[in-house]
Amino acid sequence: MGDPVKSDAKTNGFHKATNGHYQQQQEELKIAIIGQSNFAAEVLELLLERDHLIVGVFTIADKAAREDVLATVARQHGIPVFKFSAWRRKGVPIPEVLEQYRSVGANLNVLPFCSQFIPMEVIDGAAYGSICYHPSILPLHRGASAISWTLIEGDERAGFSIFWADDGLDTGPILLQKQCPVYGDDTLDTLYKRFLYPEGVTAMAEAVDMIAAGTAPKIPQTEIGASYDPALFREENQYLNLNQPAVRIFNFIRGLDSVPGALAVVRMEDGEEVPVRLYGASLSARRSMVNGKPIQFKGSTGSAFVTREGIFITGTDGSLVRVRRIKRGNRVIPAGEWFEQMGTTKATPLVLTEKEQEQDTLLRSIWKSILKVEIGPETDFFACGAGSMDVVRLVEEVKDTLEVPIDNETLFMAPMYGEFLQEVIQRMRSGSNGDRGTNIPLDYKHVVLKANRRQIVVPTQLFINGRFVDAEGAKTIPIVNPTNEKVICDVANASKADVDDAVQAADEAFRGVWTSVSARERGQLMYRLAELMEQHREELATIESIDSGAVYTLALKTHVGMSIDAWRYYAGWADKIEGSTIPVSPARPNRVLTFTKKEPIGVCALITPWNYPLMMLSWKMAACIAAGNTVVIKPAQVCPLTALKFAELTVRAGFPPGVINVVTGTGSLAGQALADHPAVRKLGFTGSTPIGKRIMASCAESNIKKCSMELGGKSPLVIFADCDLEKAVRLGMSSVFFNKGENCIAAGRLFVEDRIHDEFVRKVIRGIKTMKIGDPLDRATAHGPQNHRVHLEKLQEYCAIGVKEGAKLLYGGKRVPKMEGLFFEPTVFTDVEDHMYIAREESFGPIMVISKFHASDFDALVARANSTEYGLASGVFTQDIAKALRFAERVEAGTVFVNTYNKTDVAAPFGGFKQSGFGKDLGKEALNEYLKTKCVTVEY
């Protein structure tokens, strides 16, 4: 996003123009794309969409066997690709390079982003010339660091220029320019992502359209106000001048945020000089630093202070700049922790043995496969754009490849490769291999799963009263691996009598041993269980992947990670459940004390679904146990293995027998028996609405047991044209395809404003094409198999109905061809009308259903979003907060996401309206689902 176009000849070979415009072209444009990066790749795709002829793509040579994305995209479209490490040698064009360029017969060169020196023989070699993109309003900020200098100089407006290349440095005639305001919180990153990148891609295509139409101007650049700024990729130009007004200090820091970061040097009390980089600057309204601790910057004549809020630097005008983050050595830390961090002992670099050098090579290759960049000691995992799922993938691959026990925190504390390598080697030298559960006695029937370089022992019997036992008559049901449709094992199939045994055990524990466990002790048991789940999280995630088809990295982060979070969260609530005192009006002269008590209900039954086996168990059971109840859970028939492994861990955690019981089997038998049982006083259910209705009827007819229902959904997601489109596309895809679409709050219907509809769809389909579908245990896989065959067949039927009713199937709609297992292609439907089946009914799969809307009628849009019997979740993407809050106020859904999606947390209540059910999981509110309120009045 910065290098200018460089050329080395002295002639201008542009096609003649009249009145500053091209004459009407008689010959079809034959375009050569010269450049690199995602920006260039998007320009290429947009030109192809507009039916322009691309005759060749010229890009940089592969780096460490990894080609530039422009080359990859071009090859996907069958366009000739040429890769050059250089176009010149010793200042002279390389003949064979020129020959290859001329071989495609281009008559227009398009340079969206190019870091190489392009000879004038090429620039002028096209009959219609060469156009280039530059991220400033020329003639301002010519040079390689234009965006940074726009911010550093405090410009009120930013923008970009598309100009005709000549033999100068960004001096050619202007074809078009676009501008945007610079906001007070803009940084180099935000300005590029908000405007310069997305609008620049569109403008490049617009410029080519103008050339094709013969309307492209050639407006000479003026030299009035022209500026040539130093290149900020040179370290000597990155140093911050601290002896200037605060606003100038602020602008310089944000102009280099987040790459490479403004350089400064801290002078320690002992005279040591420590280079640092500064990030997250803002102008502060403070005028004094009463509680600040002084810090000295080399060369600064003003004062600076460290507080808990950050580092405050005084400008020459007396105003303050706050710095939130500071990079010391290889680590970015909160600036407010400067002195604490400086007090830590600096590690001496390790000298690696020959074997450790081999391990360094392996570790480096893992980083490279994720970040797609060359890895050096200073490579920052997060500065390279890595996200949370990349963290999970890195940690798991390192543990598998090097067999070293690390976790996410290891990376957060050492995000630089060199420091991370040191930490991994230290752990390997310590000989710690972690607990993989191999010391657990195998006193039950089990299956051994051999996967992820582990041998995982999983029980296959019912868990009743602290013991694993066979079902009545030793009946079993097969459990199938959706990745290959092979039977994993047979598990016990509970009868009505087995369910009765489990309920009796729970009832006895509730009235006996469980009453002797105090609320605080209950919380300690839950914390201990959470720790065991943490120790066995890789095993649990592996089981979840094999049993349910969940992608392993997602299972680790969400299925298991959020389960652990739930147990820890509710462990903290166990001894904080309390009633209240109530002022009443007694009959005088008597006095009265009235108070309430929150008490556990008793035996609770939980029936959980197959999409998040362990997480749904944990969401419900953690609150249930924290409230002091005992429980019988029936996990999903098709994937009960994590529930059985969980039962094993409850024994190790020290839970008394009968407090937690697990019965596996069918819903029609075991599930129905729980709903009908008179000793069960509460039933929590997650599943389909039709089954929920039957369970509610059974709860009423049996003993009017309390119930909570998290049922089906058809969650609307509304995307307005004023949204952050890139974010809306990314999270819109996640809203549908997350967990293979087997997600209760999945966006069942997307309403996309007509102005951005086509671009949104194009970006979604391009994103789908990059998703890796395959073995869920492969760390690179993004989309695994559907949970079971019956469900996959329903998805096929669902798509067939959509096509039959006239919806437009743009992508997918079928099983993945030539692939073993229950894999279904991510699917996109457009032109979906409100009356259609797929507009009304939930698919519970990776099927995106898109409808257009016009923004002129907000009321009609909300009515369409609400025209469903479901009300589980919803979402809206818009930059207009008033519009977002109006939508949130009027949409009939239990959860509303604004400019995000799937952002659940164990502390936030979760549950739906209408036929999506009632009651809440998660948060403090969920405790009320498992408590009863008793009112006590004492007269004295």
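Every residue number used here counts from 1 along the chain in the order it is shown.
Just so it is clear, glycine is given a Cβ too, placed from its N, Cα and C backbone atoms.
In TrEMBL, annotation is done automatically, which means it is predicted and not curated.
Now, the feature entries from TrEMBL:
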BINDING   Q116, F117, I118, D170  (6R)-10-formyltetrahydrofolate binding site
ACT_SITE  H134  active site, proton donor
BINDING   634-637, 667-672, 687-688, K794, 842-844  NADP(+) binding site
ACT_SITE  E710  active site, proton acceptor
ACT_SITE  E710  active site
ACT_SITE  C744  active site, proton donor
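Rounded to a whole value, the Cα-Cα separation of G671 (NADP(+) binding site) and E710 (active site, proton acceptor) is 16 Å. Annotation for the binding-site residues Q116, S843: lowest Cβ count within 10 Å of the residue's own Cβ, Q116. Note: the Cα of S843 (NADP(+) binding site) and the Cα of the residue listed as 'active site, proton acceptor' are spaced 16 Å from each other.
Pairwise Cα distances among Q116, F117, I118, D170, which the record gives as the binders of (6R)-10-formyltetrahydrofolate, peak at 14 Å. For the residue listed as 'active site, proton acceptor' paired with C744 (active site, proton donor), the C-alpha to C-alpha distance reads 9 Å. Of all the recorded positions listed here (D170, E710), the one with the fewest other CB atoms within 10 A of its own CB is D170. For Q116 ((6R)-10-formyltetrahydrofolate binding site) paired with K794 (NADP(+) binding site), the C-alpha to C-alpha distance reads 53 Å. The binding-site residues shown are A636, L669, G687; of these, the one with its CA atom nearest the CA of H134 (active site, proton donor) is G687. In the structure shown, the C-beta of K634 has more C-beta neighbours within 10 angstroms than that of any other entry among the recorded positions H134, K634, K794. Cα to Cα, A636 (NADP(+) binding site) and C744 (active site, proton donor) are separated by 15 Å. When the alpha carbons of I118 ((6R)-10-formyltetrahydrofolate binding site) and C744 (active site, proton donor) are compared, the span between them is 54 angstrom. In terms of Cα spacing, the recorded positions F117, D170, C744 that come within 10 Å of G687 (NADP(+) binding site) are C744.
K794 (NADP(+) binding site) sits 16 Å from C744 (active site, proton donor), taking the CA atoms of both as reference points.
Between the alpha carbons (Cα) of G667 (NADP(+) binding site) and C744 (active site, proton donor) lies a span of roughly 19 Å. Within 10 Å of the C-beta of F117 ((6R)-10-formyltetrahydrofolate binding site) we count 14 further C-beta atoms, all protein chains included.
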